[in-house]
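J.: I have a structure I would like to understand better, so I am pasting it below and will then ask my questions one at a time.
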Amino acid sequence: MSRADLEKQPYDVATMFDGIARRYDLMNDVAAMGQVGMWREKMVESLDIAAGDQVLDLAAGTGTSSAAIARAGAQVVAADFSLGMMTEGRRRGAPVPFVGADAQHLPFADDSFEAAVISFGLRNVHEPRLALAEMSRVVRPGGRVVVCEFSTPTWRPFRTVYENYLLRALPAVARRVATSADAYDYLAESILDWPDQEALRGWFAQAGLEQVKYRNLSGGIVALHRGVVPAR
Ligand SMILES: C[S@@+](CC[C@H](N)C(=O)[O-])C[C@H]1O[C@@H](n2cnc3c(N)ncnc32)[C@H](O)[C@@H]1O
């Protein structure tokens, strides 16, 4: 997928992730400059897990996010549509079952989970609002839907520095560390193209979610949105 191509067609996105699977987690740590562990910790906290809760980790990739949720005591199902990412997760012994699934058409019955989360995945989905509706459908009433995603830094001078980092430094680093520099051009473009915190909050409300809240992490580089599934 090239830099200008932000169509996010499912086949192209899955193929792109197949191509970066081996280096994905390493590149993630480098690109996030050591912040990714803290972002995951906050994501897990916001799921409010009770021991044994069934949790869907959507767009689970290699299962690194799923493993963090499992460590909090949940029974996790890791779903993704990139065979390459899931195979890499299995190879490394991720302690969760993987299920092949498109976020826009989930192969799960209504009310199957206590919570569903998508971290660093919704931005890549062709129709993100469809994915939010599907997450709401498969979570039981009173359960949680969480999105952890790159967002818009709130302090303008910092935002400018960050945009420069995304467009210049990150692709240069990716050329050294990752298997596909194009994928990191796409990463930068897709972050800059993504709706800000308030717009995503609006999508949660449109999906029928209640008590919608968000918090900024690392000055808004990442935002953590959470909503509750209403009684049906
Ligand atoms: C950046 S990785 C995130 C992996 C993991 N959640 C994490 O936090 O490290 C994004 C994942 O989203 C998956 N993805 C993108 N669109 C998807 C869709 N429509 N359905 C299922 N998975 C999707 C990709 O295959 C990729 O594995």
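Using N, Cα and C of the backbone, Cβ positions are placed for all residues, glycine too.
TrEMBL annotations: computationally assigned, not manually curated.
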J.: For the S-adenosyl-L-methionine site that TrEMBL lists with Thr62, Asp102, Ala103, Ser119, give the additional residue from the candidates Asp29, Asp48, Asp80.
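T.: Looking at Asp29, Asp48, Asp80, the one TrEMBL places in the S-adenosyl-L-methionine site next to Thr62, Asp102, Ala103, Ser119 is Asp80.
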J.: Find the longest CA to CA distance in the recorded S-adenosyl-L-methionine-binding set Thr62, Asp80, Asp102, Ala103, Ser119; express it in Å as a whole number.
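T.: Value for the max Cα separation, rounded to a whole number: 16 Å.
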J.: Can you tell me which of Thr62, Asp80, Ala103, our binding-site residues, come within under 6 Å of ligand 1 at the Cβ?
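T.: Going through Thr62, Asp80, Ala103 in sequence order, those close to ligand 1 turn out to be Asp80, Ala103.
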J.: Near Thr62 (S-adenosyl-L-methionine binding site), which residues of its chain come within a Cβ-Cβ distance under 8 Å, counting only those 6 or more away in sequence?
T.: Ala21, Tyr24, Asp25, Met85, Met86, Glu88, Gly89, Arg92, Ala94
J.: Asp80, Asp102: which of these binding-site residues has the highest Cβ count within 10 Å of its own Cβ?
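T.: The most densely surrounded of these binding-site residues is Asp80.
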J.: Among all the protein chains here, how many other CB atoms are within 10 A of the CB of Ala103 (S-adenosyl-L-methionine binding site)?
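T.: Excluding its own Cβ, Ala103 (S-adenosyl-L-methionine binding site) sees 25 Cβ atoms within 10 Å.
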J.: Using DSSP and collapsing to three states, where does Ala103 (S-adenosyl-L-methionine binding site) fall: helix, strand or coil?
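T.: In the DSSP reduction, Ala103 (S-adenosyl-L-methionine binding site) maps to coil.
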